[in-house]
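The next block holds one structure in the form of structure tokens; read it before the comments.
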2 protein chains.
Amino acid sequence: MQMLQEAICEKGTVLPNGVLKVNSFLNHQIDTGLMIEIGKEFASRFSEYKIDKVITIESSGIAPSFFAAHSLDVPLVFARKKKSLTLKDNVYTSEVFSFTKQESSEITVAKEFIKENERVLIIDDFLANGQAAQGLINVVKQAGAIVAGIGIVIEKSFQPGRKLLEDKGYHVESLARIDSLSDGKITFLQEDAGITI
Amino acid sequence: MQMLQEAICEKGTVLPNGVLKVNSFLNHQIDTGLMIEIGKEFASRFSEYKIDKVITIESSGIAPSFFAAHSLDVPLVFARKKKSLTLKDNVYTSEVFSFTKQESSEITVAKEFIKENERVLIIDDFLANGQAAQGLINVVKQAGAIVAGIGIVIEKSFQPGRKLLEDKGYHVESLARIDSLSDGKITFLQEDAGITI
């Protein structure tokens, strides 16, 4: 997705530890216009998948999935990373390890918000090792619902997440696929028009 | 706001501890159509306030503030509740105590995303004791920016938050004002058309 790649090139920064920081439009400050286009793009790519619900993880997943759910005319559910007092029982949970934060957290979705046989589109901001997506898949499967597809804003294609998910039979659509962040340089996979900065 | 009051009446539940649960359209599952109308309503109420930026708190503040920022054509920034590895230095922080969760958390905004003299609209999902709004005010003031107004989705008017903020001179706009949750019954303030269920 051209508009997203341009935002990554212009506003993203690569930290010494290989983390791609996109705080200025996705993870902390939000460019709502770009998020709306991202949402429409997800909706377009999954328009034939008979989606009943979009599920993401708080907090960074909410903005890019908001308009996807709206365009597909289905509810959006965000998994919580920690149990709250108003969400004690009747929840599906799964453990997720974050390599960025170097910690495990438990994600939680209230049972009432995923129904058996619902076709669920999972959306997340990043795909690297696939831990967050796998956590959401676990939650969807516990409910007896179906993972109809996985939409990712930024895929680190040099990490194993996509292969892990595809090997399990899931259909993954990533709006930007990054081939390398070596030496602080962002290189996209050739299929994505091959912008290099 | 009629559409919001109807959603609260139809889908909200009052827990025995006086917590109003609106998980089915605001805090966990998101009704994106309603959130868009809420965002437009905030934008309309603050259209003359020369807003430069909207600031909210993850996660439940993101959906209702998304379209407010979009309609006002300004960036949205969400304060994080916990420091992340990619947000270590150069941040403004403030302590926030949550009565619902009975715990303190530190909210964090990167300095680069609030500029001196910017006119900031603070938006949050609930106003009860005013702790979250006060935390955001602290952060805005640390940056030398101006709190141009405070937009609240659901105000518990029987709790001291609004008075606390107004006594300090802030302009507060709440889209639904709840007069009482006694006996599990939701009663709105008379000025809001006085729907009672």
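Every residue, even glycine, has its Cβ placed from backbone N, Cα and C.
Curation plays no part in TrEMBL annotations; they are all automatic predictions.
As written in TrEMBL, here are the features:
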BINDING   A:LEU20, A:ASN27, A:LYS156  xanthine binding site
BINDING   A:ALA128, A:ASN129, A:GLY130, A:GLN131, A:ALA132  5-phospho-alpha-D-ribose 1-diphosphate binding site
DOMAIN    A:38-159  domain 'Phosphoribosyltransferase'
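Features as recorded by TrEMBL, highlighted on the structure.
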{"residue": "A:LEU20", "record": "xanthine binding site", "Cβ neighbours (10 Å)": "20"}
{"residue": "A:ASN27", "record": "xanthine binding site", "Cβ neighbours (10 Å)": "20"}
{"residue": "A:ALA128", "record": "5-phospho-alpha-D-ribose 1-diphosphate binding site", "Cβ neighbours (10 Å)": "24"}
{"residue": "A:ASN129", "record": "5-phospho-alpha-D-ribose 1-diphosphate binding site", "Cβ neighbours (10 Å)": "17"}
{"residue": "A:GLY130", "record": "5-phospho-alpha-D-ribose 1-diphosphate binding site", "Cβ neighbours (10 Å)": "23"}
{"residue": "A:GLN131", "record": "5-phospho-alpha-D-ribose 1-diphosphate binding site", "Cβ neighbours (10 Å)": "18"}
{"residue": "A:ALA132", "record": "5-phospho-alpha-D-ribose 1-diphosphate binding site", "Cβ neighbours (10 Å)": "28"}
{"residue": "A:LYS156", "record": "xanthine binding site", "Cβ neighbours (10 Å)": "23"}
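With respect to A:ASN129 (5-phospho-alpha-D-ribose 1-diphosphate binding site), the closest of these binding-site residues in Cα terms is A:LYS156, chosen from A:LEU20, A:ASN27, A:LYS156. Looking only at Cα atoms, A:GLY130 (5-phospho-alpha-D-ribose 1-diphosphate binding site) sits nearest to A:LYS156 among the binding-site residues A:LEU20, A:ASN27, A:LYS156.
The separation of A:LEU20 (xanthine binding site) from A:ALA132 (5-phospho-alpha-D-ribose 1-diphosphate binding site), Cα to Cα, is 17 Å. Under DSSP, A:LYS156 (xanthine binding site) is assigned to a strand (E or B) in the three-state scheme. The xanthine site is set by A:LEU20, A:ASN27, A:LYS156; from the centre of their CB atoms, other residues of the chain with a CB within 8 Å are A:GLY12, A:VAL19, A:LYS21, A:VAL22, A:ASP125, A:PHE126, A:ALA128, A:ILE154, A:ILE178.
The 5-phospho-alpha-D-ribose 1-diphosphate site is set by A:ALA128, A:ASN129, A:GLY130, A:GLN131, A:ALA132; from the centre of their CB atoms, other residues of the chain with a CB within 8 Å are A:PHE97, A:PHE99, A:PHE126, A:LEU127, A:ALA133, A:GLN134, A:GLN159, A:GLY161. According to its DSSP assignment, A:LEU20 (xanthine binding site) is in a strand. Here is what falls inside 10 Å of the CA of A:ALA128 (5-phospho-alpha-D-ribose 1-diphosphate binding site) among the binding-site residues A:LEU20, A:ASN27, A:LYS156: A:LYS156. Residues A:LEU20, A:ASN27, A:LYS156 are listed as the xanthine binders, and the farthest two of them sit 16 Å apart at their Cα atoms.
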